[in-house]
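S.K.: From TrEMBL, for reference:
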DOMAIN    26-227  domain 'Cytochrome b561'
TRANSMEM  20-44  transmembrane segment
TRANSMEM  64-82  transmembrane segment
TRANSMEM  94-113  transmembrane segment
TRANSMEM  133-155  transmembrane segment
TRANSMEM  167-186  transmembrane segment
TRANSMEM  206-226  transmembrane segment
Amino acid sequence: MSSVCLSMEGGSAASTPAALPYYVAFSQLLGLTLVAMTGAWLGLYRGGIAWESDLQFNAHPLCMVIGLVFLQGDALLVYRVFRNEAKRTTKVLHGLLHVFALVIALVGLVAVFDYHRKKGYADLYSLHSWCGILVFGLYFVQWLVGFSFFLFPGAPFSLRSRYRPQHIFFGATIFLLSVGTALLGLKEALLFNLGDKYSAFEPEGVLANVLGLLLACFGGAVLYILTRADWKRPSQAEEQALSMDFKTLTEGDSPGSQ
């Protein structure tokens with residue numbers, strides 16, 4: 001333990017890969033443009049957003065893009081961006097971003113179900129709606145399990161280590177499913193609203209197609225950053241020391257056994 005503490009005091013911060021900040025900045029430019037263009041689409045062609053009116057439905061696509069696409073993507077990038085900050089701080093930020101995404105997505109779900117109820121429309125009949133419920137359910141379970149294992153004190157160290165690869169895999173998978181579901185919803189909205197006019201290159205259709213490309217590009221940018229092995233957050237001496245102490249407390253191992 002003493003050697004670990006010395007390395008913590010005298011060690012230097014891990015260097016950031018030269019290209020990483022540019023890719024992260026590009027992903028954020030794509031994400032912010034995506035959110036802004038979604039708002040522009042709803043404002044210019046769908047009448048805007050108002051909860052107690054026929055415009056209530058429009059809160060659904062905006063909330064889903066902000067929550068389950070943009071914020072979820074940013075939550076996944078936290079460990080790439082904050083490479084030298086304390087692991088506990090980074091972990092809390094990762095969890096909070098997921099909470100914000102979950103709450104905003106829940107507002108979007110309430111909006112569409114409440115709108116359907118008021119209009120007498122059927123629920124959960126389309127592929128988009130089935131995928132949406134699946135994604136939201138998986139996202140909620142992923143957050144609960146992640147909180148229980150990584151934020152809530154008491155989970156055995158060995159269990160955390162075994163579950164971490166699954167947590168990472170399901171996080172990336174749910175994010176990609178979210179992007180795909182958003183694309184399905186966008187196409188469904190265009191077919192409902194434009195009908196035969198969609199094939200006539202209506203301005204709304206062109207704008208929405210560009211929005212779809214932004215969705216795909218943002219998803220691809222986030223996935224690329226996540227899958228670069230040399231861009232992963234390096235293990236720090238602080239984390240090694242905390243891991244040793246946690247394992248000693250929960251499993252009775254001694255630091256010297258490491």
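Cβ from N, Cα, C; glycine included.
TrEMBL annotations: computationally assigned, not manually curated.
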S.K.: Which whole number is the mean pLDDT over the domain 'Cytochrome b561' (26-227)?
M.R.: 95
S.K.: Other than its close neighbours in sequence, what residues sit by the transmembrane segment (206-226), given a CB gap under 8 Å and a spacing of at least six beyond its ends?
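M.R.: Answer is 20, 23-24, 26-27, 30-31, 33-34, 37-38, 40-41, 44-45, 65, 69-70, 73, 76-77, 80, 172, 175-176, 179, 182-183, 186-187, 189-190.
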S.K.: Before we move on, state whether the transmembrane segment (167-186) and the transmembrane segment (20-44) share at least 3 Cβ pairs under 8 Å, counting only pairs 6 or more apart in sequence.
M.R.: no
